[in-house]
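*Asks:* Just dropping this structure here.
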Amino acid sequence: MAAEVDGPLKRVLVPLLLPEKCYDQIFVQWDLLHVPCLKILLSKGLGLGIVAGSLLVKLPQVFKILGAKSAEGLSLQSVMLELVALTGTMVYSITNNFPFSSWGEALFLMLQTITIAFLVLHYRGQTVKGVALLACYALVLLVLLSPLTPQAVVILLQASNMPSVVVGRLLQAATNYRNGHTGQLSAITVFLLFGGSLARIFTSIQETGDPLMAGTFVVSSLCNGLIAAQVLFYWNAKAPHKKKKQ
């Protein structure tokens, strides 16, 4: 009976959440406090949870813009710098063959971020520029993922993530401060990004051991924390209604 249960359970957990030796350690030898294997299980579980959550994390922001038919309060420069950072993480991780659970959210966040960038331009009356942005970005991404791009360029792109994240978040923070409110910025999206970046510090250390990746998420967490603090501070602040021209 135990063997019958063991088979399906093992197929689910190995290698998605645990290497076979850890599965044996925990579920065959019943060493439930084996710290190295528990770290792997926690890291893989968190990583896959973050990837799954990233499918929806920016949708509240997209729907808020669409519902208001306005992108007021969003800094286009901040959105574009975030897109650069996400692209760097994704290209760097694919090039280095990191496990999908350690970077997969970058792919889904990238798709949602480029959508937000398009919507910001669209609701500013610059739809043609938005379409051009989509086309140009797709072309750049294809080049970066092709063998034509030297590894040194990929490493440089990943290294640029930290300044991109810092400058991008500071631009958004400055926009919030100048406006005295957070406009159409979605609180749900902000808090999910903050929580996800905190969890990614642990998973990037555990799964990749790459200090560049871990450092990027430390900086990202600090910057996302700043925006989250502003959302709380300006919680009851409302954007002033624009008077219609007579």
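Including glycine, each Cβ sits where the backbone N, Cα and C put it.
From TrEMBL, here are the annotated features:
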- 40-59: transmembrane segment (TRANSMEM)
- 71-94: transmembrane segment (TRANSMEM)
- 100-121: transmembrane segment (TRANSMEM)
- 128-146: transmembrane segment (TRANSMEM)
- 152-171: transmembrane segment (TRANSMEM)
- 183-202: transmembrane segment (TRANSMEM)
- 214-235: transmembrane segment (TRANSMEM)
*Asks:* Relative to the transmembrane segment (100-121), which of 40-59, 128-146, 152-171, 214-235 accounts for the most Cβ pairs at distances under 8 Å?
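*Replies:* The stretch with the most contacts is 40-59.
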*Asks:* Restricting to the same chain and to residues at least six past its boundaries, which positions have a Cβ under 8 Å from a Cβ of the transmembrane segment (71-94)?
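*Replies:* Result: 65, 102-103, 106-107, 109-110, 113-114, 116-117, 119-121, 123-124, 137, 141, 144-145, 149, 154-155, 157-158, 160-161, 164-165, 167-169, 171-172, 174-176, 179, 181-185, 208, 212-213, 216, 220, 239.
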*Asks:* For the transmembrane segment (128-146), what are the same-chain contacts with Cβ under 8 Å, counting residues 6+ beyond its ends?
*Replies:* 83, 87, 91, 94, 114, 117-119, 121-122, 153-154, 157
